[in-house]
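Residues or ranges marked as compositional bias 'Low complexity' by TrEMBL: 1-15, 26-38. Annotation source TrEMBL lists region 'Disordered' at 1-64. For 16-25, the entry in TrEMBL reads compositional bias 'Polar residues'. Taken from TrEMBL, the feature compositional bias 'Basic and acidic residues' applies to 55-64. The repeat 'TPR' feature in TrEMBL is assigned to 95-128, 129-162. Feature annotation from TrEMBL assigns active site, proton donor/acceptor to 354.
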């Protein structure tokens, strides 16, 4: 597209749910699915690509693009990406095909791939402003703020009246200034469980301002603790949790005092746990593994009805990403932490990539906590997230069933398991993201990570890879499609499991349309527990149940009705990006 044809003012912006067959002279921030490329597009592309594309293939490519547009409009982003890929395969000369695929990849959180497609579009047509906008969006979502700012400013040069881009520049610039300021003064995050929090309960002035309970409050109440010296920390029982869940379902909020008592109760337990928690399944019991729930509270409550809640005899492992995106993240976090406080040995929690300050700042949790409570409460949640273990090692207590005792539909990893040599029992490494960029990572090396000192995963290293890596079908390793951590193939998984005597890696972190997927011959299993993710994906949710012989059974479930509140209703920093996608 020529520069003149892509520089309309921001008045031409539109929702993706509106007419998706925009003419090509729309702005960079108009609907993601322009109807077709202009003759000038074709002429310029033909000049830049040496191989001529025959007219029949061009026509077929346009048909695939239109199908992709339909899928995108219906928020079927995987299907849209597939159609755009078919269009590119037939005709790789059209910049719009790459930007449309980049739009799908942005929605699928495949930011590195979106950047690559935007780069290719720019290579084909350096004047195609929408390609810079796509790339800026991917940079922004992957927190490459300087690069995002540069691309947004490039768009604004060509579309000086585009109010949306102006707003994005203001937001990105503000974040850069804030991060530069804190870096310059070398502000250190406060340590978890700081005595300052307890002073809010014991100091009369602070208590009246922060931790008193209104006389009008008519919800469940936490009793004082039994020890006079720590009575202010409270004590919890199942009746309180049951009442709290119903109170949340009724759309009500706990007093700040009770929220703080719950979070501090969880922190006191979490800070005693190692970075890799060892859990042995007692004979006659099971453990349920739950994947991402992402603030989808009503699906979460339904899920606990299927698994049964944690108890003295029933273990549940929450494998990270219970906050962000969904608009009831506070409610899920408080429920999970309340169970951790009440049943510390059977409520297990792994940290996910969204239990981090960077993600919470972008994807809504920080805004949600500040809307429902305040910034001090958000800092307390951050301290709790720092205290979360990074992985759990689940070990069976009885010998596994033999291959001929299991259905043929079970994976090779289940029927021919790698077992712990001394006991002959199955064991499972449960982590939010995945494996590593090197082969020699042992369980002991992971155990040695000081999560309290590091606090946040950073841009590289073991903690980042534990929280961010993804499996891939190709052997070996490759840069992650997200632009963070690594992609690891089936050979990598097999070698790591053999090195560490692991039956399978159970992880979450990615949508699976069926709720779960056994990959790498069953050595890697993805479990995702947020059905109809972000009210748009149409996927099922699932959880895994492991018995005392290490046999895994999966249960799928559908999304449940919920009040009319959109995903990321509190996420002001990223919501405008999603609205601009018609989300």
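Even glycines carry a Cβ here, placed using N, Cα and C.
Since we're looking at a predicted model, the values are computed, not measured.
Listed by sequence, the residues of this chain that lie at least six past the ends of the compositional bias 'Basic and acidic residues' (55-64) yet keep a Cβ under 8 A from its Cβ atoms are 36, 42, 83-84, 86-88, 90-91, 94, 97. If you average pLDDT over the repeat 'TPR' (95-128) in this model, you get 94.
Cβ environment of the residue listed as 'active site, proton donor/acceptor': 294, 320, 321, 323, 324, 325, 360, 363, 365 lie under 8 Å away, each six or more residues apart in the same chain. Look at the repeat 'TPR' (95-128): DSSP puts its residues at 27 helix, 0 strand, 7 coil.
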